[in-house]
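**Q** From Swiss-Prot, for reference:
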type	residues	note
REGION	1-26	region 'Disordered'
MOD_RES	Ala2	N-acetylalanine
MOD_RES	Tyr6	phosphotyrosine
MOD_RES	Ser83	phosphoserine
MOD_RES	Tyr86	phosphotyrosine
COILED	100-130	coiled coil
MOD_RES	Thr134	phosphothreonine
REGION	184-204	region 'Disordered'
MOD_RES	Thr200	phosphothreonine
COILED	216-248	coiled coil
MOD_RES	Ser322	phosphoserine
Amino acid sequence: MADPKYADLPGIARNEPDVYETSDLPEDDQAEFDAEELTSTSVEHIIVNPNAAYDKFKDKRVGTKGLDFSDRIGKTKRTGYESGEYEMLGEGLGVKETPQQKYQRLLHEVQELTTEVEKIKTTVKESATEEKLTPVVLAKQLAALKQQLVASHLEKLLGPDAAINLTDPDGALAKRLLLQLEATKNSKGTGSGGKTTSGTPPDSSLVTYELHSRPEQDKFSQAAKVAELEKRLTELEATVRCDQDAQNPLSAGLQGACLMDTVELLQAKVGALDLAVLDQVEARLQSVLGKVNEIAKHKASVEDADTQSKVHQLYETIQRWSPIAASLPELVQRLVTIKQLHEQAMQFGQLLTHLDTTQQMIACSLKDNATLLTQVQTTMCENLSTIEGNFANIDERMKKLGK
């Protein structure tokens with residue numbers, strides 16, 4: 001109970017809950033504070049987009065199969081991450097590529113594009129009527145690009161004044177090497193004819209060559225030549241081949257045939273147009289025409305007989321249908337009446353079924369009630385016998401108490 005000295009003080013709210021006010025913020029808002037922004041120029045601010053970073057590295061894994069980063073005590077070298085022949089710069093680094101890195105990147109991309117084109121050529125059937133960039137045209141352009149890259153590489157090896165034939169860079173390189181070897185042999189022969197001292201320095205005009213084999217270039221050139229040959233054969237077949245026309249007997253059998261089959265068919269048809277053969281063909285055609293006329297006459301007579309038989313059958317059917325058509329309205333009326341009778345019979349059958357079901361339910365209920373009544377009677381008899389025994393005991397006790 002509160003102290004009575006505070007009962008009559010002014011400003012006290014009576015019959016209301018106690019409220020304790022404070023100037024502090026709620027607990028949920030106390031943790032909120034503004035982070036101090038770093039304005040120093042020594043701190044690099046990097047804006048990271050988590051969604052873009054996740055999409056970039058999604059489904060990417062570092063292959064650790066066969067790698068060993070443990071410390072080594074023996075002389076055997078552990079296998080770590082191996083790098084390729086060169087390293088391509090990443091995107092957005094702001095570092096300018098050197099000519100060597102740019103050449104290596106272009107060569108790598110051309111090789112990847114060549115592999116993809118080879119896969120496309122095996123799966124996609126080229127069309128002679130398409131005007132878009134087909135795999136064959138793309139292979140030609142790739143061959144030209146690869147030859148340009150090879151040419152630039154050879155110029156770097158042999159010097160800026162090297163005259164390289166872009167159509168055959170490998171042959172031009174071989175010829176130039178042979179010329180240089182011949183010049184070296186000649187200079188060597190002239191030097192050995194005179195007397196040389198032991199202090200004479202070696203000839204500085206000698207050239208050291210490094211031979212680089214490029215089997216992928218030969219394979220690519222061969223594939224490009226085969227693709228060009230296939231394209232020319234396809235264009236030639238499309239030019240010689242004609243469309244299938246049912247009305248033109250000369251074009252029969254030419255659709256879908258290759259160039260050799262088409263030429264053989266055309267030679268056979270041209271041979272059939274010889275004068276000696278035409279007389280025989282005309283005689284055969286006359287005999288065939290006579291047989292065709294006989295067949296047409298016989299067919300007309302057969303068709304007339306067939307038509308007459310069908311007309312007779314139709315007339316007999318109409319004769320049989322006439323008496324049935326007269327009695328048809330009465331039959332329809334009778335069917336309508338029988339339909340109503342069938343509907344009433346169906347309703348009556350449903351009522352009988354419902355009545356039978358209700359009767360069975362009542363019989364079951366009566367049977368259950370009879371069973372319950374028997375149980376009640378048995379229970380009442382037992383209770384009456386028990387009550388009579390209790391009253392007898394009470395009478396005996398009363399008599400004993402009265403004595």
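Backbone N, Cα and C atoms are what each Cβ position is placed from, and that goes for glycine too.
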**Q** Near Tyr6 (phosphotyrosine), which residues of its chain come within a Cβ-Cβ distance under 8 Å, counting only those 6 or more away in sequence?
**A** Ile12
**Q** CB neighbours of Ser322 (phosphoserine) within 10 A?
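**A** The answer is 8.
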**Q** Summarise the region 'Disordered' (1-26) by DSSP state, stating how many residues are helix, strand and coil.
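**A** Looking at the region 'Disordered' (1-26) with DSSP, the answer is 3 helix, 0 strand, 23 coil.
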